[in-house]
Amino acid sequence: GCTRKSENDTSGATTRTADQVKIALVPGGAHPYFQPWKTAAAQARSELKLADVTFNETSGWDQTKQNDVVRSLAAQGYNAFGIFGVSPENINASFEDLKRQGFPVASLASCPAGDVNKADFCLSTDVELAAYKAAQAAVQAMGGQGNLVHLTGNKVDSNTQRRIAGVQKAVDETGGKVKLLQTVTDVDKDLQSAQKAVADLLAAKGTQIQGIVNTAYNPAVAAAEGVKQAKLPIKVIAIDDDQTILAGIRDGSVAGTVLQNPVGQATVGAYALLKLSEGCTMSQPGVVVDSGSFVVTTANVASYEADRSAKTDELRKAFDSQYLRCG
Amino acid sequence: MTTRTAAPEAPPSATPPSGRPARIPLWANPRVGLVVLLVGLVVLFTALRPAFLDTTLTLVPLQSDISVYAVVGLAQLAVLSLGQMNMAVGRMAAMSAFATGLAYDRLGVPLIVGLIIGLAVGALLGALAGLIISRTGVNSFVVTLALDFALVGLITILYTRFTDGVAFAGQPAGMTALRNDTFADYCMGEICGPRIPLVVPLALAAALAVGLLFRYTRVGREILMTGANSRAAQLSGIPTRDRVVQAHALSGLLAGLAGFLLAANNGAFSASIGDQFLLPSFLGPVLGGTLLAGGAVSVLGTVLGATLTQVIYKGLNLLQFQLDQLKLYIGLVLLVALSLDRVRHVVAERRGARA
Amino acid sequence: MMLTAENLVKTFPGVRALDGATLRLASGSVHALLGENGAGKSTLVKILTGVYRPDGGRILLDDTELRLSGPLDAQRAGIGVVHQERNLIPAFSVAENIVLHHLPRRAGLVDRARMRTEARRCLDLLDLDLDPDRPVADLSVAQAQLVEIAKALSVDSRVLLLDEPTASLTGDEADRLYTIVRKLRDSGHAVVLVSHKLEEVFAVADTVTVLRDGRSVAEAEPLADHTQDQVVDLMVGRAYASVRLAERHVDPATEPALRLRDLSTARGHRDISLQVRPGEILGLYGLVGAGRSELAKALLGLDRITGGTVEVRGRPVRIRDVGEALRRYRIGYVPENRKEEGLFLEQPITRNIGVTVWRRLARAGLVTERAERRLVAEYTDRLGIRAASPRQLAGQLSGGNQQKVSLAKWLAARCEILIVDEPTVGIDVRTKAAFHQLIAELAESGLALLLISSDLPEIVTLADRIAVLNDFTLRGELTNDHDYGRMSQAIIRLIHAGPDGAGEERAA
Amino acid sequence: MTTTTARPAGGGVRLRAVSRRPEFTLAVLALAGFVALAVATGGNLLSSGTLGAFFRFLAVPIVIGLAQMVVLAIGQMNLSVGTLTGLCAMVAAWLMLEAGLPAPLAILGALVVGLAAGLLNGLLVVFTRINGFIVTLATMTIFEGLRYGVNGPDTFQGYSAGLREFGSASLLGLPVVFLVALAVAGLVAVFFARAVAGRQLLATGGSPFAARLSGVSNDRSVVVAHGLSGLLAGVAAVLTVAASGSVNASIGDDLLLPSFAAPIIGGVALTGGVVSVVGTCLAAFLIRLVDVMQAQFDINRRWIDLIVGAVVLGAVLLGTVRQRLLRRTS
Ligand SMILES: Nc1ncnc2c1ncn2[C@@H]1O[C@H](COP(=O)(O)OP(=O)(O)OP(=O)(O)O)[C@@H](O)[C@H]1O
Ligand SMILES: Nc1ncnc2c1ncn2[C@@H]1O[C@H](COP(=O)(O)OP(=O)(O)OP(=O)(O)O)[C@@H](O)[C@H]1O
Ligand SMILES: [Mg+2]
Ligand SMILES: [Mg+2]
């Protein structure tokens, strides 16, 4: 009869030395958020004396394409992967593929949906916490009362759901003083839709709104610009530290922003991937690690980078002492 | 009675009035041109990146991808036969995948039953488009574009309602095998199969069935005749409206199959299935020599066209181009491939004229 | 002025359309260009008007060589043309269509006033009372044809080429056109007339060139030197002999195969009663636009029937579509417009004929090419369809052979009742005769035939009885005694008599 | 209902002729929709802020609809309008920020890029004889690559203050960008109604064979149509840059479907030969109404997609049914 070959071909983790390790950092597509990965990658390569670290953003926000990109990289000899999964729902399958071939895999900047992470570890912003902090910052900027609007991305994305929950939590904590007037989803696809949505929103309810909290990039840019143009006294909390947003904070049109830690994700991720290649194992496979989030306002716009480097160092230590088991 | 008429016509001469060559020369066959181009590209990519011939990491996934996009191309081909378009192929695939996922999630049906349910949903959606087109006479482009819009909304609404996010968490038994295994994993005693992914036969079967349909069955031939000249078809006793509905239903069904194959390849029934189907759905058939005018299709050409696009994509990926260059080169290579066919055509016509 | 085309050669993929054709035109004469279908007449016309570039030969205008790189060059050289194909933009107005090739402009914009004046002038030449602002899409076929002619006249031309200009005109309209042609000749124009209607040709033309297989077999000979028969001999390349169509006898008591009782349709037909028996040909005559094709289409379920009944072999029926007409009632329809309605031009002959019989050919649901080719061979033999191979595309066939293919699919489907609509429009004399014989044979073999035709000689030749339709009403029915003079007069009288007068003309 | 075909002179007849045009249905729908929304929002729609936002974001949809329409006029399609708009916008911003050119030159640059890209599309169609749909599918990918190549994923911001002022300025309560779009629409209308080149384009679309026999160069029409389409995409890009204040490589991604929706709802036939500038503008207006409704009533965007799909289909069906009824009664 016909039999299935037994599942014995899971290559046991081959150990490699640093000069054999080629790390690929694969974001979900082109996005400003990932740009720091490029320099972080180059830096990790020289600091850790790795064979190569590459950055490939050609996935185009399509899981099929990303799988293809990852496989092509593997065929090219890359043997450790840090991946931002395009679709958190089926990225675990891709992680398993890579694991089966004996490659260490990190889920960077986003964790798979559900409670299971099939990558070795996930190093990502705790998006719910970040959104919570952002909303808190907004509440504070609004003087603790008024109407808040939340602008965010793809509604049917588990991360968006987490962000909505985070904002809701912060609003609930005000005990009704701040009302979440509206949550506008699906405005992150392209800048112009975001601009249009913000203009329409401000036109419809501008005078009732005291604060806008953004948890996606395009709406953040659009809201900062839109509020400035409409000359409304609305406090905008943006996301990330794109030049346009930092400029906004400096000129006061943006009340604050919530930073994530892309550099930390890339450098610490690369470090851990190297350790795994050298033979370390995860003490808790699939562990989810928060890479940190930081509220930046005019007060600390000059100094936030220090906090972030501190967090990165702390993360690396935590991996050494806590998450990795070497030896 | 007498009437002034000319002599009865001479018996039909065996020799044609014009010496038209009965067969097109082999080199002028568009499929042959495609194969040559394909081989050339494979040689080029292999020379630049030997990893192109890596079985596990390149060739096996390449076969899976070709399977998906060949079926996507066939889904478009089914309506190109009519001279119409299906702008909603991707969304029909997504709806079909949703149905399969839902059937498993709620009823726990086995894989094959889920597949059948999915295909039925795809076919129904296609039939709906066909019905609107044939009853109202509104252009297929408009109808399917509008349907696409409506379905984008509907799909996400449905996924939000029936799942936690954009995908069904569970997977029917067999999905993982379909995704990961090749026939090499199945052995009869010592003899194992070739390194061909399990999804390939599904796509091959679809291609064969579509080829058979258009070549040998009455319905398929009548669809083509409707595409060639709908008025003449109607006046020849073909129920043209039914044929339009059937061709669109077939398109929906094949879109559903493509969605299923993609879900198997990607590992989940999710809302994003089919997002990227539209462009490849046209490239496969058009590169394969199927015109947008209707009345003629090439199934083999479509499979070759899909293969060509996937090989291009894979090769460029291996060359590790950055996003801007990647897009640029894909567009350029496609333009060249399309123009080559045109050059071949012109040369063939010149030669034919001189013959 | 002399326009000369010498030794023109033109090859299409697989077809040598012109193979050393020569045409000499002198001003002040009407020149007939004759030939069988596919002889190359239209190709010659298109080369002279810059639509095609010749592969060989040259064109001289008064001894200087003329190089035409496009239709505009020909217009500048003073050559106006009415092509065989319709050539108007439906959405544009009459005026704009007429002057499209030289839109009067002012600062890059169309000067509408001048456009209208110019169009008016051309329409007046034809005594045509048409609103220049009407969209062409609203015109009848005949009106559109007249606009085409006005358009040709709008070119300030010394040469006018008319490729079958009267194919869709009534006798009156054709007469009016020929009056203008004569006027143009008298004012020094050279006019080329391509037509299959030899009576008309002989009535207006002075000289004749005959093309056969792309070669001129007679060059600019005075037409007066020839009889019609001689010209036909030249066209065909063989001695001409007349044939007799066998006499047919149909028992009047036979049950009609098809019978209409007081039929009214949504298109406007009122109370039409007709019947055809097996073995009989009923001619349905009328002027263009009389509603005959519409009647046939209503019968086939393509238009709504609002009153009366259709009976097939004695039983009242309701036909929904052509498929049902064919399969349940064995009725077939050969449409008048073969290129648009009868054929699949881009498909091989096999499929064009096989389309009606796949259901029968299918074994286990599959139709093999072999079975199809066998069946098609049977009918290509029987009808004498000349083709390079059964795989040849229908669009590559000559007009006559195309028409035969269009007919063959219904014979293959074993029809018992056949409606044939204008079967010989644009078909040369020889093929036409062959066609007539074929139709007569079909009747003899027991088919019931309804022959729709605007060609009086044709209908008098073939029909057993002739029904006359005008303005969507039946004006009467005559028994055909095959005497052309008497029948034609009777028919014309029926058409011009009001509906009231119809009763007394109705023959038993 | 009377169905006389006689034409007594007088305003009544002209009124009826107008009411029979397909645009009339749209005008009535647009007006009704606007009034209904104004009432439903308790007049908020008519406040100057809302009205300003409404018309400012109507400018680009109108121009982009026209960019598609000119190609539909010859029976082809231009799938690259959206990405081309994005490319032109990025080029304009790049010229100001990186090349340091003044705004007028940057605007000119964007228009030139649009025109050149459009001409390229047209020439490719003419020389390869490949269907325009397929050619623009390929060039769309190329423009996408170029658009990304200008500045990667990052956003351009803070370019010419004058241009941004122009983008947010109003004249008589209407945004200047909208007035520019209307002026462009007027020019396109005149082009098709009166210009010789425009008429020739429509002749090609209506019947390429007949047009050729009348001395119209179909190849030239194809190049002109695609070139004009590219130029209009350039105009849309300039309006985007002016009105939005910041642009990045995602600009244009939301334009492809609306570019078809506006002319198609507006009554432009896909087979070519028929255009309707008024219809296209009205259709863009209708779609914008749906947008604003979404913002005013906080409707889930997914429902909006569903609604827009249904509206497109409904409007087209209504148009067909109406035309059929009119034909029957006349
Ligand atoms: N565009 C074309 N492509 C291929 N073959 C063509 C083309 N035009 C004409 N032919 C072929 O050239 C030959 C001459 O055609 P042409 O139209 O000149 O004949 P004709 O004398 O005008 O016939 P008819 O009396 O039927 O109008 C025919 O065999 C025809 O099939
Ligand atoms: N598709 C159509 N739409 C609207 N009117 C039509 C259409 N086809 C024909 N007509 C009109 O219907 C009337 C009758 O048409 P038709 O020309 O078929 O009559 P006929 O007696 O068959 O004449 P013939 O066959 O000689 O042309 C004409 O006035 C014609 O203009
Ligand atoms: Mg001819
Ligand atoms: Mg008729």
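All positions are counted from 1 along the displayed chain.
A Cβ is built for glycine as well, from the same backbone N, Cα and C atoms used for every other residue.
Noted in TrEMBL for the protein shown:
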TRANSMEM  D:24-47  transmembrane segment
TRANSMEM  D:53-72  transmembrane segment
TRANSMEM  D:79-97  transmembrane segment
TRANSMEM  D:103-126  transmembrane segment
TRANSMEM  D:133-150  transmembrane segment
TRANSMEM  D:170-193  transmembrane segment
TRANSMEM  D:222-244  transmembrane segment
TRANSMEM  D:264-290  transmembrane segment
TRANSMEM  D:302-321  transmembrane segment
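Remark: the transmembrane segment (D:264-290) makes no contact with the transmembrane segment (D:133-150), by the rule of 3 or more CB pairs under 8 A. Counted as Cβ pairs under 8 Å, contacts with the transmembrane segment (D:103-126) are highest for D:222-244 among D:53-72, D:222-244, D:302-321. Ranked by Cβ pairs under 8 Å to the transmembrane segment (D:79-97), the stretches D:53-72, D:133-150, D:302-321 are led by D:133-150.
Two recorded stretches are said to be in contact when at least 3 C-beta pairs lie under 8 angstroms, sequence spacing 6 or more; the transmembrane segment (D:170-193) and the transmembrane segment (D:53-72) meet this definition.
When each of the listed stretches D:133-150, D:222-244, D:302-321 is scored by C-beta pairs under 8 angstroms to the transmembrane segment (D:53-72), D:222-244 comes out highest.
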